[in-house]
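Novice: I have a structure I would like to understand better, so I am pasting it below and will then ask my questions one at a time.
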Amino acid sequence: MGRGGRLLDLLLLLLSMASTTSSVVALDTSYYAATCPDAEAIVKDTMSQLHYTDPTLSPAIMRLLFHDCFVRGCDASVLIAPTPRRSSERAAIPNHTLRGLPAVDAVKRALESACPGAVSCADALALMARDAVSLLGGSAYSVALGRRDGVVSNPWEVDLPPPFAALHDVLAYFAGKGGFSAEETVVLFGAHTVGGAHCSSFRYRLTKPDGTMDEAVRCGMLDTCGAAELPLETDPAAFFDPDTPFVVDNNYYAQLLGNRTLLQVDQEAATHNATKHHVAYYAASPDAFMQRFSEVMAKLSNVGVMEGDAGEVRKVCSRYNNNNN
């Protein structure tokens, strides 16, 4: 057999191996059409009930998605509860203030009641975040489905940027984790149009002013937070956007332009050469922000997903199906 024939045989062998060992499929909005056709409705109905009971939940779910997707991808690894013999991402310091975990459990129970073993926790969380945006007045967007749940969750892998990080480092981090451009990063920062932060995230800006925070805001926050560091359970919190704290809108960018934001990295976006024109644009363009925010949230929900036969579909989101994992 000639050299060309041997190469052809090798190519056919490789193609055969690929077809028999790879079962990865692309995410699809109709992924559950046969196995759980009401999945999206179940998530939406449950989220709506939870939101109207506690409007602070929806911003917490959006944050939970970010903390999940930027560590090992959108695989629900952040939902795994630590045990006496095994730690998890939830034990890492950046995740100590996460909220919304019982809400995820409630949504998962509703899904399991209707379609046992069908819908992954990763898909449930992506849908919950989508519905959270809508419940807070944001633009609706489609979520492609078919994510699998991870079987690894390590606290030492949680490398999220701290609130005092320099913006150029955060831009590099977002680009490396999810391929987000400077403009997309500014749009994701817009999630701070809702929710808030504990004073420990910005107290140093109050006690050691550098002129980058409006003085009236600084004094008001100093009255709220106090100058002394406090344990997390007693540390006060403040809204990022006190004007519309439960509405997805572009008012956050007006806060940046007026030096009225809490986090240093957010404020730096208003003056950094790579981001300041995006901040100014979205401050003046509410409709453009609403559209782009939904688009970038959809992109966030697709970061590093597991598909096909990888991972598992957990029965309970806070623990692996195999407790020995």
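A Cβ is built for glycine as well, from the same backbone N, Cα and C atoms used for every other residue.
The annotation active site, proton acceptor is assigned in TrEMBL to His67. Positions annotated as Ca(2+) 1 binding site by TrEMBL: Asp68, Val71, Gly73, Asp75, Ser77, Glu89. According to TrEMBL, the substrate binding site annotation covers Pro161. Marked as heme b binding site by TrEMBL: His192. Sequence annotations record features per position, and here TrEMBL assigns Ca(2+) 2 binding site to Thr193, Asp241, Thr244, Asp249. According to TrEMBL, the disulfide bond annotation covers Cys36-Cys115, Cys69-Cys74, Cys121-Cys317, Cys199-Cys225. Annotated domain 'Plant heme peroxidase family profile' per TrEMBL: 26-321, in sequence order. The annotation signal peptide is assigned in TrEMBL to 1-23. Summarising the annotation, TrEMBL assigns site 'Transition state stabilizer' to Arg63.
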Novice: Can you give me the residues near the recorded Ca(2+) 2 site, meaning same chain, not Thr193, Asp241, Thr244, Asp249 themselves, Cβ no more than 8 Å from the center of the site's Cβ atoms?
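Specialist: For the Ca(2+) 2 site, the extra neighbours are Val194, Asp243, Pro245, Val247, Val248, Asn250, Asn251, Tyr252.
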Novice: If you count CB neighbours within 10 Å, which one among the binding-site residues Asp75, Glu89 has the smallest count?
Specialist: Glu89
Novice: Near Cys36 (disulfide bond), which residues of its chain come within a Cβ-Cβ distance under 8 Å, counting only those 6 or more away in sequence?
Specialist: Ile42, Leu111, Ala114, Cys115, Ala118, Val119
Novice: Taking every residue in the domain 'Plant heme peroxidase family profile' (26-321), what is their average pLDDT?
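Specialist: Taking every residue in the domain 'Plant heme peroxidase family profile' (26-321) and averaging pLDDT yields 96.
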Novice: Please list, in sequence order, every residue of the chain apart from Asp68, Val71, Gly73, Asp75, Ser77, Glu89 whose Cβ lies within 8 Å of the Cβ centroid of the Ca(2+) 1 site.
Specialist: His67, Cys69, Phe70, Arg72, Cys74, Ala76, Val78, Gly150, Ser153, Gly304
Novice: Of these disulfide-bonded residues, Cys74, Cys115, Cys199, Cys225, Cys317, which scores lowest on Cβ atoms within 10 Å?
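Specialist: It is Cys115 that, of the disulfide-bonded residues Cys74, Cys115, Cys199, Cys225, Cys317, has the fewest other Cβ atoms within 10 Å.
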Novice: Out of these binding-site residues, Ser77, Thr193, Thr244, which one has the fewest other C-beta atoms within 10 Å of its own C-beta?
Specialist: Thr244
Novice: Counting across all protein chains shown, how many other Cβ atoms sit within 10 Å of the Cβ of Asp241 (Ca(2+) 2 binding site)?
Specialist: 23
Novice: Same-chain residues six or more away whose CB lies under 8 A from the CB of Cys69 (disulfide bond)?
Specialist: Gly178, Leu300, Ser301, Val303, Gly304
Novice: For the residue listed as 'active site, proton acceptor', which residues in the same chain are close in space, meaning a Cβ under 8 Å from its Cβ, but six or more apart along the sequence?
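Specialist: The residue listed as 'active site, proton acceptor' has long-range Cβ partners Val78, Glu89, Pro94, Asn95, Leu98, Val158, Leu160.
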Novice: Far apart in sequence but close in space: which same-chain residues, 6 or more away, have a Cβ under 8 Å from Pro161 (substrate binding site)?
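Specialist: The answer is Asp169, Val170, Tyr173, Val265.
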Novice: Determine, to the nearest whole angstrom, how far the Cα atom of Asp249 (Ca(2+) 2 binding site) is from the Cα atom of Cys74 (disulfide bond).
Specialist: 25
